[in-house]
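Below: the structure, in structure tokens.
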Amino acid sequence: MLHIPSSSERPASQPEPERAPPGEPSHESALAGIYEISKILNAPGRLEVTLANVLGLLQSFVQMRHGLVSLFNDDGVPELTVGAGWSEGTDERYRTCVPQKAIHEIVATGRSLMVENVAAETAFSAADREVLGASDSIPVAFIGVPIRVDSTVVGTLTIDRIPEGSSSLLEYDARLLAMVANVIGQTIKLHRLFAGDREQSLVDKDRLEKQTVDRGPPARERKQLQAHGIIGDSPALSALLEKIVVVARSNSTVLLRGESGTGKELVAKAIHESSVRAKRPFVKLNCAALPETVLESELFGHEKGAFTGAVSARKGRFELADKGTLFLDEIGEISPPFQAKLLRVLQEQEFERVGSNHTIKVDVRVIAATNRNLEEAVARSEFRADLYYRISVVPLLLPPLRERRSDIPLLAREFLRKFNSENGRSLTLEASAIDVLMSCKFPGNVRELENCIERTATLSAGTSIVRSDFACSQGQCLSTTLWKSTSYGKTDPAAPMQPVPAKSIIPLAETAPPPQAVCEPGSLAPSGTVLVSGARMADRERVVAAMEKSGWVQAKAARLLGLTPRQVGYALRKYGIEIKRF
């Protein structure tokens, strides 16, 4: 395709050397013209625009109607054709054609071609003569010279014109064009070298990035993460560690998703301590543990006398975390009115204390966490969509323990080491004990595994923990209702869920799962042992487990059980469950 420079691509102003009268070539004008051309070629810019500007300047001191620069690749295929002398309104048929036969002869021979009348020359085909507008009544002269890079012909520089003067003028212009072609050749060489270097740089960059991804985080960074308390080498955890290393390098807001007990606070702290904010404060707050009025004061602070009991001014968590990281756990539990207040702080990084009109600006990185399905909450208008998008800039899904079983022995030994250190014991884990742990689903994830190890170690009378020491081997493990309930084993906190219609809510006794052990095949209890004594016991344990998981917040427990808060309150009274106060 022929490139015709638009008005925006043409130089704003070029000095126009004095043109010699026909037949009287001026050395001064030629030298001035070549000097100006060299300045154009040395200026940065796209090659096709640069060549078009060269041809435009060439018109000012060489008699020509049209000028062409044709470049070819290593296979001899036309790579770029730049033209001058055609108006933008010229018939496309002429603007996109070149005298092919003549150009091929120049490339093949590597010599200049000078013709006083193309109509009388066999080097020009009928198509070439038509392109140049030559006929028996209109003679057209043609000059073409090769463009070389080193010793290789890479293109041609050609002009045509209505002949005026003697043939010596053709020879003079041919020598002049040869000098211009030589300068163009040097420019093309530099452009190709630069393009080759840039392409190689991109290839090297892609290769290095791929190696970085394949190798994962450097050993030093992995060791640092292990020091933060993240233990394991399973594929699922390794993938998470790689993301933690990458995320820690930025200041983006992070949303940690995952079931309860998967270590969201531990991951948040690891991100903070691996970031440039590591020496700044790491402040945490459980949003579900406080009423809305207290939550606002905790996050934003308050002035003296702002409310009853505010005997002095107090900084909020945002102020305390300035230049550091604020970890907001259970963010899915905050009310819609408070969501709007939090959104403003996340967007503007500014707020007012309770009881004050003074705006405080902070620099805080927020890491939020939830085990709730926020997509479902947004669909039900329980969670603001704009806040969802604000906190979910970089979502990280923490794998449940059942998806990283190879980490169970490492975690169990670490928890036992911690227990021994705190209690002056020297217990060990037998192989049979590891087999028991590996067969369990652990719906409470790492937290449940830690509790299991601590409980078993506390009750162990020997010097080592064996299979029979575990509660599940004695028919006393009641985690089965947790695993079978809707909120465990069936729910992916990272995937959207369908809303539960009110008519689908069924009383507890009708939804209780059949009693069975949490452990996988290979019964741990003696034959005939009753693990759960009837549906009533299972119902009570389901309610207790849901209340404990929700921090004894009835509304949250109701969501876990698929019931209404009123039904949960009835179940608490029915089974005589005492509500724990914090």
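Any Cβ shown, glycine's included, is placed from N, Cα and C.
Positions annotated as compositional bias 'Polar residues' by Swiss-Prot: 1-11.
The feature region 'Disordered' is assigned by Swiss-Prot to 1-28.
Sequence annotations record features per position, and here Swiss-Prot assigns compositional bias 'Basic and acidic residues' to 16-27.
Per-residue pLDDT, averaged along the domain 'GAF' (46-188), amounts to 80 for this model. Annotation comment: Swiss-Prot describes 46-188 as domain 'GAF'.
Marked as ATP binding site by Swiss-Prot on the basis of sequence analysis: 258-265, 321-330. In this view, Thr325 (ATP binding site) is surrounded by 24 other Cβ atoms within 10 Å of its Cβ, with every protein chain counted.
According to Swiss-Prot, the feature region 'C-terminal DNA-binding domain' maps to 540-582.
All chains included, 23 other C-beta atoms sit within 10 angstroms of the C-beta of Leu328 (ATP binding site).
Taken residue by residue with DSSP, Thr325 (ATP binding site) is part of a strand.
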